[in-house]
Amino acid sequence: MILELLANAISTGVLLGCIYAALALGLAVSFGLLHIPNIAHPVFVVTGAFAATVFNAMGFDPLLVSLPLALVFYGAGIAFFEFYSRIYEKRGESDTMQALTLFFGVSLVIETVLVMQFGADQRSTDVDYVGQSLTLGPVVMPYRLLIPALVAPVMVTALWLYLKYTYAGIAIRAVAHDERALSVSGIDPGWIKRHAFGIAAATAAISGAALVIVGPIDPFAGRMQIGRAFAVVILAGMGSIPGTLAAGILIGVTEALVGAFGSPSWAPAVAFTMLLATLAFKPSGLFGAAR
Amino acid sequence: MSLRENAMDWAVRRTGRTPRATRSLVFALGCLAVLALGVVLTRMVDNPYVFFAGYVVIQYVALATGWNVLGGYAGYINFGPTAFYGVGVYMAAFLVKAMGAPLPVAIAAAGVAGALLGLAMGWMTLRVQGVYFAIATIALVVMAETVIHNIDYLGGASGLALMPPQAPAWAGGQPQFMLMVMLAIAVAFVALARWIEISAMGRGLRALKASEIAAECAGVPTFRLKLIACAVSGAMLAIAGAPYVYYASFIEPGTAFSLALSLNAIAMPLIGGKRSWVGPVIGALLLATVQQAASVTISSELNILVVGVVLILFVAVAPDGIVGIVEKLTRRRGA
């Protein structure tokens, strides 16, 4: 009995953790690689989720429709980065805190626009596999968790391969490492950063669609995820893409265990405790280089 | 501005004091005048709405000033001022429920709790990088709310009705008394902020804000200063929350940790100007009064939207706020 509970808690935790990793993946690029503390990223994800519900109501599959939406988000991300860099990148590093305030304001504005457009009620998607489960021995995995969770390893692998083997991907990692050196070698760091921020925004469209399949969300769902997303990125180690998946699963499993053997109402505190513990004891994270 | 300068000119000529001592004297007299005005007004105005609205506005002056000690002087943005405010509210609620504590006890206890929380947050996050502190404060609100939700003694998620001790007879009623208390707290906060600004601590904080490495090299104990600023700011935010229990008699996590409160406490110093004590006061008076007046006519969503857009505009175009704009204009006219 207790073993069954444990097995189910762990499998749910792994699935949840994959979804957390998908949420945090864009942040791993914008914060981890570009050092832009984009606290508006979870709100981008929620925007992606709302976009998915709109198209789902017309009869499209949320995950499939999120692929063309990702292109739209890529463009929006580039435009937003252009606005941000006009203001801040030129003022230099000392204004990181001001930039944070800008993102804070932007996330509030997006949230409020969502509330005014869609109301404060929860919205959900309608897909065939919701309500069914995959049973493997004692472990029961609902498809509404399993299918979006599978998105995370796919996204992580794709992004990791892109950063590792393509010209633009290598340039993105180079910009994270040394911007001056990149411009000396004849590549425009501005373009590379725009491109990377666009990719980060594009992931929000896909992970938003994944999030809204898991359960209904409201416009303020992003707020709960800010701490979790940053906890994943920092626990992974800044900019480590495969680490994001491991850190997400670690947090997801811990939350599920706390929920199963303690009380579910304590689950929101898990990510925050792990975030603080990482900052206090191992700021470089699990897979990151020392900073 | 010119009124103050004229008064200073006059005071310097009459007394022959140094400008700095004169400025402090003028400031102290101003504080006393505000307090006296508050006492007189509570006697003369009959409409109780004025006291309830006034309490909210003055509470924002206190919150904005407390936030600015860390956010403005040291440049470390605290995105979770309501975490500290809420801890103050619930500390006071606990004391009222457990022993019917009088207001001064609740305020002192809230201050200690806020300072400890600020110290703990600072110690854990400030050694790495400023960004992490800011991120951790966002999550702190979620954490604090989760903890309160799980304490049945304090009402959990559904809130708690309390019977706080009544106001003394000379005050002329609870709303009047609470307004005076909040006014006293706000004035004390502004005085403390001004003192920090002109003391060695303020110089140290400005130095580390400009460049942490340079300040460290020049012998400024940056980590200690940041920790002190965290503790002081945390204590101030928590103290601003303590009287709320006596003001409202009913508390719930939703209001004690409300987003609007956080947003305003951050937006007010940034809009007013965060380099000196004047900025948060101007920002709070302006924004809170407009909101109190507008809350009758526009929805709370629109309210937040407007504040958000104004915040973005100021951060993008006028990082030194209204005070910065005024300074720029007067300097141009002078030159």
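Using the three backbone atoms N, Cα and C, a Cβ is placed for every residue, glycine included.
Computed from a predicted structure; not experimentally measured.
Panel annotation: around the transmembrane segment (A:6-27), residues 38, 41-42, 44-45, 138-141, 145-146, 148-153, 155-156, 159, 199-204, 206-207, 210-211, 214, 225, 228-230, 232-233, 236, 241, 244-245, 247-257, 259-261 of the same chain, lying at least six beyond its termini, place a Cβ under 8 Å from a Cβ of the stretch. Residues or ranges marked as transmembrane segment in TrEMBL: A:6-27 (among others).
Taken from TrEMBL, the feature transmembrane segment applies to A:39-58 (among others).
Taken from TrEMBL, the feature transmembrane segment applies to A:64-87 (among others).
Residues annotated as transmembrane segment in TrEMBL: A:99-120 (among others).
Per TrEMBL, the feature transmembrane segment maps to A:140-163 (among others).
The transmembrane segment annotation in TrEMBL covers A:196-217 (among others).
A Cβ distance under 8 Å defines the sequence-distant neighbours of the transmembrane segment (A:229-253), meaning residues of its chain 6+ beyond its ends; these are 9-10, 12-25, 27-28, 31-33, 39, 41-42, 152-153, 156, 159-160, 163, 173, 176, 270-272, 274-275, 278-279, 283-289, 291. Feature annotation from TrEMBL assigns transmembrane segment to A:229-253 (among others).
Residues or ranges marked as transmembrane segment in TrEMBL: A:265-281 (among others). Long-range contacts of the transmembrane segment (A:265-281) within the same chain, counting only residues at least 6 positions beyond its ends with a Cβ under 8 Å from a Cβ of the stretch, are 224, 227-228, 230-232, 234-235, 250-251, 254-255, 258-259.
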>> Can you tell me which recorded stretch out of A:39-58, A:99-120, A:140-163, A:196-217 has the most Cβ pairs within less than 8 Å of the transmembrane segment (A:64-87)?
In response: A:196-217
> What else in the chain is close to the transmembrane segment (A:39-58), if you only count residues 6 or more beyond its ends and a Cβ gap under 8 Å?
Replying inline: 23, 26-27, 30-31, 65-66, 69, 73, 77, 100, 103-104, 106-107, 110-111, 114, 118, 123-127, 200-201, 204-209, 211-212, 217, 219, 221-223, 225-226, 229-230
